[in-house]
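Q: First the structure, then my questions, so here it is.
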Amino acid sequence: MSRTPGFSFSELARDGHARTGVLSTPHGDVLTPTFMPVGTQGSVKTLTPAEVAATGARIVLGNTYHLWLRPGPELVAQLGGLHAFTRWPHAMLTDSGGFQAFSLAERRTLVEDGFVFRSHLDGARKALTPEVAMEVQGLLGADIAMQLDVCPPGGAPRPEVEEACRLTTRWGKRCLAAKRPSQALFGIVQGGTSVALRMAHADELGALPFDGLALGGFSVGEPIAMMHEVVAQIGPHLDPTRPRYLMGVGTPIDLVHAIGAGVDMFDCVLPTRNARNGQALTQHGKIVIKQARYKEDRSPLDPTCACPTCTGGYSRAYLRHLYMAGEILVLRLLTEHNLHLYGRLMREARAAIAEGRYAAFARAWLGASDAGNANDANETVGATESTESTESTE
């Protein structure tokens, strides 16, 4: 089975289904499990590339739909591709843009050939086919591209989910035929909450020469416990020689569960979007900084956190003042804190797997969340929604 030159994945250690590995790309190695901050418009909101890298991130996600419409892939290519354009020196992944074309655009239609829609920016008529998705992602120049897929809404009837799987497979073959030889391509497994459909679709896509396999179509309205259960069964079923990517998920609790199921890669807007909504995340749950109880609170967000916000002496009282006053600084400080939490979670998970103690590590994280306000964290608006359904609307 063919693989893309300059791209590889090697498993380093395993503890149960959880595993560590190294994802090698033309822009450097990425240790897994890894979390990819979301840079929808070509930046992780409020932070510089150096600040993002300081959280431990070595791969970020860009949104094809938005970059296609503005500034346009031809301009990005002319200016050296996304890495040069954004000044991000490490690995980069772009999604296909299909979800946004269907969910954000006006007067959209799904046909065999792809999506036909009108831009939410200027109403221009656009057609997103597998070939166009590959052309746009090729011009953008990320290390990893995603196939165009069909993501059925939560609660869709089984025939609709089955057809989404079939069409996604057909589109996957067309994406493989159209992709640039230098760009890795991941297939996207659909199937809703049906384990049988998920496994069958994973086998179909696993027979094709994708460089990695992703789980799409989660966090679209299904109960969180159901998502955890399905991922726990389908994760270990995916080809172990390729990286496994859970798209658009999620809370720290979600990530702890999914890592235990053998998932290697994650993205979600939760840490950045929630920060801009005044929510700081900790192992014990969330802190809603505007609440009056923090008005005179001298303590940092988390005394165990090594992020610049917590080690820099910024008190909860000061952060609350900034947020209530509408100061931009607080958005940066909370975003740094939240992304550092995710970076810490990934580092500690990798160490626990390598040392054969992931089960105990997971119990400690989940127990701390249960003892705090984990339920509030899970119910936060946008907390477990996918990249496409949250950050892409901004």
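Note: Cβ is positioned from N, Cα and C throughout, glycine not excepted.
Quick paste from Swiss-Prot:
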type	residues	note
ACT_SITE	Asp95	active site, proton acceptor
BINDING	Asp95, Ser96, Gly97, Gly98, Phe99, Asp149, Gln190, Gly217	substrate binding site
REGION	248-254	region 'RNA binding'
ACT_SITE	Asp267	active site, nucleophile
REGION	272-276	region 'RNA binding'
BINDING	Cys305, Cys307, Cys310, His337	Zn(2+) binding site
REGION	375-394	region 'Disordered'
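Neighbours and distances for these, please.
A: DSSP assigns Gly98 (substrate binding site) to a helix.
According to its DSSP assignment, Asp267 (active site, nucleophile) is in a strand.
For Cys307 (Zn(2+) binding site), the Cβ neighbour count at a 10 Å cut-off comes to 22, with all displayed protein chains included.
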Q: Between Cys310 (Zn(2+) binding site) and Gln190 (substrate binding site), how far is it from one CA atom to the other, in Å?
A: 40
Q: For Asp149 (substrate binding site), what is the secondary structure state per DSSP, taken as helix, strand or coil?
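A: Assignment for Asp149 (substrate binding site) reads coil.
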Q: In the structure shown, with every protein chain counted, which of the binding-site residues Cys305, Cys310 has the densest set of Cβ atoms within 10 angstroms of its Cβ?
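A: Per the Cβ count within 10 Å, the most buried is Cys310.
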Q: With Gly98 (substrate binding site) as the reference Cα, tell me which of the recorded positions Asp267, Cys305, Cys307, His337 is the closest one.
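A: Spatially nearest to Gly98 (substrate binding site) by Cα position is Asp267.
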Q: Within 8 Å of the centroid of the Cβ atoms of Cys305, Cys307, Cys310, His337, which other residues of that chain place their own Cβ, given that this set defines the recorded Zn(2+) site?
A: Pro300, Leu301, Asp302, Ala306, Pro308, Thr309, Thr311, Glu336, His340, Leu341
Q: Work out how many Å separate Asp267 (active site, nucleophile) and Gly217 (substrate binding site) at their Cα atoms, rounded off.
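A: Just about 13 Å between their Cα atoms.
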